[in-house]
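The following features are taken from TrEMBL:
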type     : residues : note
ACT_SITE : SER196   : active site, charge relay system
ACT_SITE : ASP322   : active site, charge relay system
ACT_SITE : HIS351   : active site, charge relay system
DOMAIN   : 116-357  : domain 'AB hydrolase-1'
Amino acid sequence: VGLFGSGVGLSLVLGFGVAYACYYLSSIAKKPQLVASNERFCRFLEEYCPVVTETYYPTIWCWEGRVQTLLRPFITSRPQVQYRNELIRTADGGQISLDWFDNNDSLYYPDASTRPTVLLLPGLTGTSKESYILHMIHQSETLGYRCVVFNNRGIAGEDLLTPRTYCAANTEDLEAVIHHIHSLHPSAPFMAAGVSMGGMLLLNYLGKTGRDTPLMAAAVFSAGWNVFESVESLEKPLNWLLFNYYLTTCLQSSISRHREMLEKLFDMDLVMKARTVREFDKQFTSVMFGYRTIEDYYEDASPCRKLKSVGIPVLCLNSVDDVFSPGHAIPVEAAKQNANVALVLTSCGGHIGFLEGIWPRKCTYMDRVFKQFVQAVFEHGNKIFSM
């Protein structure tokens, strides 16, 4: 009689299954940590965005941060979205590509002039085609809202008209986009959501403008709070192999089609030899935006240094196992000093992962946080704006 035929194998499998289930329920599935000094903001989230207080059950077979990060783009679906593209000119002669999802079939907000609008900011080399952006638009569509995706210069197929791209610290293009959208729909409730570098850019903008912004509120997902800590984490051997080298090649690819324009100011052969994000930023990004050293750029790009100046309600979701934004670098104490800021910290989820369910194809924990918070702001925001 074989091992499994004797029942010993079955007992081993059952024993392992029980042990794994116990470990998962005791150490993996946990309620997120909600960090907010403003009790009114906390009560608002508990009532209208309850997902931030519920136990997060990561996908049982891929809960580790790196695995979630790697698998999300391949596992999650890609909802069909029809965009209307708009190119707007900038003060320096450049152009920015905006992809609009007008949601003209909205049953809840048939009047376009007052239809709530969500500005979406993708990650470092992301565009309106990213799956996480498509999911946010799908969630917004069901609520009747309009979305606009801000594609950074030269990323979404448009030409560079000047030798300038983008970075996490310079908010001029974002300011122009926000002003443009608000001028088109001044009576529409307006908020923004940023993912990864898009979240960093949004936080740096909010830290610069304080209350002087047409945005009602903002949501930020998987932002890198301290760029020094982020690049150090990404340069660890395994993380370099899994993420850093690939991300560097994506950055190089994003500028290679604009080589003729950029060669006016940069040694592109040297830029294309970069093997880490830090090397790319040293040879290209920091030079483009006039920083004396890469350290100066990274200091200016780190949102943790501007968090105290944020003047509107902001919800920030991070996983403490995110190698792009290490848990020890999340500014918990700084967040406690600003009544407008709430951090939601999960123990698992990786970078823009947050997979849940046995087969996490249609909806992630991040999607649910986005949907509930956006709806809470647009439908019940008056309860926090007086705080």
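Residue numbering: from 1, along the chain as shown.
Keep in mind that glycine also has a Cβ here, set from the backbone N, Cα and C atoms.
Curation does not apply to TrEMBL; its annotations are automatic.
Worth saying up front: this structure is predicted, and the values here are computed from it rather than measured.
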## Note on the structure
If you measure between the CA atoms of SER196 (active site, charge relay system) and HIS351 (active site, charge relay system) and round to the nearest Å, you get 8
#### Entry: Chain-internal residues, separated by at least six, CB under 8 A from ASP322 (active site, charge relay system)
GLY65, THR69, SER222, GLY349, GLY350, HIS351
### Summary
One finds that other Cβ atoms within 10 Å of the Cβ of SER196 (active site, charge relay system) number exactly 26
